[in-house]
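Peer 1: Here TrEMBL flags Thr398 as active site, nucleophile. Among the features that TrEMBL reports, L-glutamate binding site is placed at Arg104, Asp440, Ser464, Ser465, Gly486. According to TrEMBL, the feature region 'Disordered' maps to 445-466. The signal peptide annotation in TrEMBL covers 1-26.
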Amino acid sequence: MRFLPVLTVLSLTAAGLVVTSAPALAGDRQPTATGYGGAVATVDPTATAVGLEVLRRGGNAVDAAIAAAATLGVTEPFSAGVGGGGFFVHYDARTRKVSTIDGRETAPASATERYFIDPADGLPYDFNEARVSGLSTGVPGTVATWESALNRWGTRSLASALRPAAEVADRGFAVDATFRQQIADIQGAFGRFESTKALYLPGGAPPAVGTIQRNPDLAATYRLIGRKGTGVFYRGAVADDIVRTVQHPPLAAEPVGTWAYPIRPGVLTRSDLAGYRLRHPAPTRSDYRGLTVYGMSTPSSGGTAVGEALNIIEAGQPTLHYYLEASALAFADRNRYVGAYTAKPVLKKLISDDWAEQRACTISPTTALVKPVPPGDLTGTGCATATAGAKVEEGQSTTNLTVADKWGNVVEYTFTIEATGGNAMVVPGRGFLLNNELTDFNFAPTQGTAPDPNLPGPGKRPRSSMSPTIVLKDGKPFLALGSPGGATIITTVLQVLVNRIDLGMTLPEALAAPRGSQRNSAGIQAEPAFRTRYGPDLTRLGHAFAADVAELGAATAIEFTRGGGFIAVAEPVRRGGGAAAVVSRR
Ligand code: GLU
């Protein structure tokens, strides 16, 4: 969202962050920035400006990433915030080690496999009925992630990292067309809750473009967390408010608009919140054309799916045809085998070269496979496959940021509240939306007679597609990237990698290029320009297309060039365009 430059100067001054060098890049939706001294790329100019300012003042990549993330919680509140979760991937320049934080939301201890089955008729709830309910909310992991990242690798306190974002929330930012449209799209659900209505439907309608959107409750929440630490969120007053909201949704006395479903309360308890624990799984690792690709392990399927598909392409040919075939095969395997509790040897096998050979041997260079393809057979050899499963999908929201500092540390962070607008409930008095992440579980078994790895369970984390990825060359950063977009995150990250590494594009070209996504469905889901540009050749090979989608993903990335340089890249057009910035041009 566009933050008025004059307010930026005031707010950052008040925060004690900036006095003279008014953030020249604030409000600047520049998609590419090349230079030195550190770099930031997010979907939002204000968040990018806040992150950049932290770098300019000597903060490292983690300090800047958390300050930018907290700002996104204000300006991109329908995609991410403290009511949600995410995955944080970090490269430490000193130890040359890639580490991760799994801040994924967690199901209540009382959840069972039948969590999303309506007891009244024994059938799964409709997605939207489950989504806009207390049932869809998992224990948020974002605040804990920020604290842990700062403690491990940062140099600033959580209070200091939250301060600029609190200022933005207090002083406000100008509503743009994307922000307004996101509210309009979910108005019927937002209008059911008093707190959400008050914040985002002033006068009963989405705010007009250009009006100033403020969120003093969120500013106060950030300051409270800054003062008291994350205990207040997981065990204190904020925890109480989250539990009350989930168990007794704050229904509006006079709803705005219509919503077709009853609002069901959830079962999340105070002890679920108090019991929240981050995980720190080893990153997934695969080699691709001499590069080392690090990604996020379970409960995200991103790392294994991207790694497996790259291996299949490497065993085949560097073309869009192989990209599409490899992603269909990787999705079949992900749907069958990957969930929060997938055993390590299985994950290892899925990103092994042997497995890639076994899967690649089903691809013909001249004829597209008929989709859906069955998953591979873990116990088989040759081209052995198992029986087919059903297609599984997730929603489209989320945000992603990429930050690097002058010391060579890198952060790739994707975080979300799941669908755009989460479960549609703003926690009264706290200013943030709750996630609907638990709808990323499969509501009912999808794999026929084979076990489904992604059914709900007590304290379980739903499978994700988020794919924050850091690529090293000779042990040093070469590329970092990630994107929102539900299950299309995996294909967006994969396609940008293939565009950059195999198809001769620069990084800005690789991000801007039209996208197509084959997730093991009959047809490729594509942006119109993808079909126009590549459709004839792909159709000749037998690929089919599903209905077009306006856009896929909203990626950010940084490439590391010789001599400590950066090419920071955000989207030129998608989601209204993102913002990339560097500390110094020279
Ligand atoms: N909930 C999704 C996931 O974890 C992300 C939502 C999205 O990007 O649309 O994969």
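The backbone N, Cα and C atoms fix where each Cβ goes, glycine too.
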Peer 1: Counting across all protein chains shown, how many other Cβ atoms sit within 10 Å of the Cβ of Ser465 (L-glutamate binding site)?
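Peer 2: I count 29 other Cβ atoms within 10 Å of it.
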Peer 1: Please identify, among the binding-site residues Arg104, Asp440, Ser465, Gly486, the one with the smallest Cα-Cα distance to Thr398 (active site, nucleophile).
Peer 2: Gly486
Peer 1: List nothing but the largest Cα to Cα distance in Å, as a whole number, among the residues Arg104, Asp440, Ser464, Ser465, Gly486 that the record says bind L-glutamate.
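Peer 2: Binding-site diameter by Cα atoms for L-glutamate: 14 Å.
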Peer 1: Over all shown protein chains, what is the count of other CB atoms within 10 A of the CB belonging to Asp440 (L-glutamate binding site)?
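Peer 2: Other Cβ atoms within 10 Å of Asp440 (L-glutamate binding site): 28.
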Peer 1: For a quick check of packing: other C-beta atoms within 10 Å of the C-beta of Ser464 (L-glutamate binding site), how many?
Peer 2: 31
